[in-house]
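Q: Annotated phosphothreonine per Swiss-Prot: Thr329, in sequence order, evidence recorded as similarity to another entry. Feature annotation from Swiss-Prot assigns region 'Mediates homooligomerization' to 1-205. Look at Swiss-Prot and you will find 206-229 tagged as region 'Mediates localization to the Golgi'. Sequence annotations record features per position, and here Swiss-Prot assigns region 'Disordered' to 299-350. The topological domain 'Cytoplasmic' feature in Swiss-Prot is assigned to 1-19, 119-126, 187-350; the stated evidence is a curator's inference. Sequence annotations record features per position, and here Swiss-Prot assigns topological domain 'Lumenal' to 41-97, 148-165. As annotated by Swiss-Prot, transmembrane segment applies to 20-40, 98-118, 127-147, 166-186, with the evidence given as sequence analysis.
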Amino acid sequence: MQRALPGARQHLGAILASASVVVKALCAVVLFLYLLSFAVDTGCLAVTPGYLFPPNFWIWTLATHGLMEQHVWDVAISLATVVVAGRLLEPLWGALELLIFFSVVNVSVGLLGALAYLLTYMASFNLVYLFTIRIHGALGFLGGVLVALKQTMGDCVVLRVPQVRVSVVPMLLLALLLLLRLATLLQSPALASYGFGLLSSWVYLRFYQRHSRGRGDMADHFAFATFFPEILQPVVGLLANLVHGLLVKVKICQKTVKRYDVGAPSSITISLPGTDPQDAERRRQLALKALNERLKRVEDQSAWPSMDDDEEEAGAKTDSPLPLEEASTPPGKVTVPESSLITLETAPLL
C-alpha cells in the first residue's frame with residue numbers, strides 16, 4: 001500500500017498537469033469545500049428543498065451542491081468523475097462545452113430533485129422531505145458523464161468476463177444504487193441525484209447540445225429505449241415517442257428535420273442533424289457497395305453489343321449537334337448544376 005501511494009500520486013499529478021483550466025478549477029473547488037467542511041457548516045451549499053423555493057430562495061445552491069462532499073470517498077468519486085470527463089469528453093467537446101454540460105446537469109439535478117421532494121411532502125406532509133433532505137455530491141454529474149460516454153463510445157468493452165459494454169453501464173449502476181437504497185445502505189438523495197443526472201444529460205445531449213452538425217444527437221443508438229433491456233425497448237420506445245409528441249405540441253421540443261442537399265444529378269447528400277459520423281460512414285459504405293454491384297450487373301449485360309446498336313450509336317453521334325450550353329461555355333469554366341435543399345420533418349425514434 002505504501003509503495004502504491006507514491007505511484008498513484010505521481011499518476012494523478014501527471015493527469016492534472018495536462019488537464020485544462022476547467023478540470024483543475026473543478027477539482028480545486030471540490031477539495032477546498034471538503035476542507036472547509038471541517039471548519040464551518042457547509043450545509044448551506046447543498047440543495048435543501050424547503051429553502052430553495054420562496055420565500056427563502058437559496059438559488060446559489062444550484063451551483064454549489066454538485067461540488068460539495070462530506071466524506072473522503074465521495075471526494076475521490078468527484079475527482080475521478082471530473083478527471084474522466086476531462087480526459088474523454090473534453091477532447092471531443094472542448095473545455096467550454098464541458099463546463100456548460102457540467103452546469104446544465106447540476107442545475108437540472110438540483111431543480112428536479114427539489115421538485116420531487118416537494119411533491120413527496122405534498123403527498124405525505126412530512127417536513128423531513130423539506131428541511132432535512134440535502135442534495136449534494138457528484139453522483140448527478142457521474143450519471144451525465146456515463147450517458148455522454150454511451151453516446152461517444154458505447155461499444156467499448158469495460159469488462160470482458162462477463163462482457164460489459166459502456167452502453168449498459170448507466171443502467172447497471174442505477175440498478176446497483178436502487179438495490180443499495182432498498183437495503184437502506186444508501187440515502188435517497190444519492191439515488192435521486194444519479195437518476196435525474198441520467199435523465200437531464202440525455203435530454204440535453206439528445207435535443208439541445210450545439211455542434212458543427214446542428215443541434216442534438218438523433219442517432220438510433222442513442223434513443224431513450226436503448227438504455228433498457230431489449231425485451232422492454234418496444235414498450236419504452238412507444239411511451240417515449242408519445243411523450244416527445246406531447247412536448248412538440250407544447251413547443252418544448254422540435255420535430256426532427258432531415259435535409260436533402262441535391263448538388264448534382266449523380267450524387268445526393270443526405271444529412272440528419274446530430275447523427276453519428278460512424279453511422280453515416282457505415283451507411284455510405286453500404287450504399288457504395290450496392291451501387292458497385294448494380295453497375296457490375298449492368299456491365300455484364302451490355303458486354304456483347306449487337307452490330308445494329310453500334311450503327312445506331314454512330315448515326316446518332318454524327319447527326320446530333322453540339323449542345324448549346326457546351327458551345328456557349330467559355331474555355332476554362334465548368335458549369336455546375338445548382339443545388340437545392342429539401343427539408344422533411346420526421347418523427348424521431350426516442
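Backbone N, Cα and C define each Cβ position, glycine as well.
Owing to the predicted nature of the structure, the values given are computational and were not obtained by experimental measurement.
Tell me about the surroundings of these features in the structure.
A: Residues belonging to the region 'Mediates homooligomerization' (1-205) score a mean pLDDT of 92 in the model.
Look at the region 'Mediates localization to the Golgi' (206-229): DSSP puts its residues at 10 helix, 4 strand, 10 coil.
Per-class residue totals from DSSP over the topological domain 'Lumenal' (148-165), listed helix then strand then coil: 6 helix, 7 strand, 5 coil.
Remote same-chain residues near the transmembrane segment (20-40) are listed as 64, 67-70, 72, 75, 78-79, 82-83, 85-86, 90, 95-96, 98-99, 102, 138 (criterion: CB distance under 8 Å, separation of at least six residues from the stretch ends).
A Cβ distance under 8 Å defines the sequence-distant neighbours of the transmembrane segment (98-118), meaning residues of its chain 6+ beyond its ends; these are 20, 22-23, 26, 47-49, 52-53, 61-63, 65-66, 85-86, 89-90, 129-130, 133, 135, 140-141, 143-144, 148, 189, 192-193, 196-197, 199-201, 204, 209.
Within its own chain, the transmembrane segment (166-186) is flanked in space by residues 139, 143, 146-147, 149-150, 153-158, 194-195, 198, 221, 226-228, which lie at least six positions past its ends and keep a Cβ under 8 Å from the stretch.
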Q: Residues of the same chain, at least six outside the topological domain 'Lumenal' (148-165), with any C-beta under 8 angstroms of its C-beta?
A: 85, 88-89, 92, 101, 172, 201, 205, 217, 221-222, 227
Q: Mind checking which residues reach the topological domain 'Cytoplasmic' (119-126)? Cβ under 8 Å, same chain, six or more beyond either end.
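A: Non-local partners: 49.
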Q: By DSSP, what is the split of the topological domain 'Cytoplasmic' (119-126) into helix, strand and coil residues?
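A: Here the numbers are 6 helix, 0 strand, 2 coil.
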Q: Count the residues of the topological domain 'Lumenal' (41-97) that DSSP assigns to helix (H, G, I), to strand (E, B) and to coil, and report the three numbers in that order.
A: 38 helix, 1 strand, 18 coil
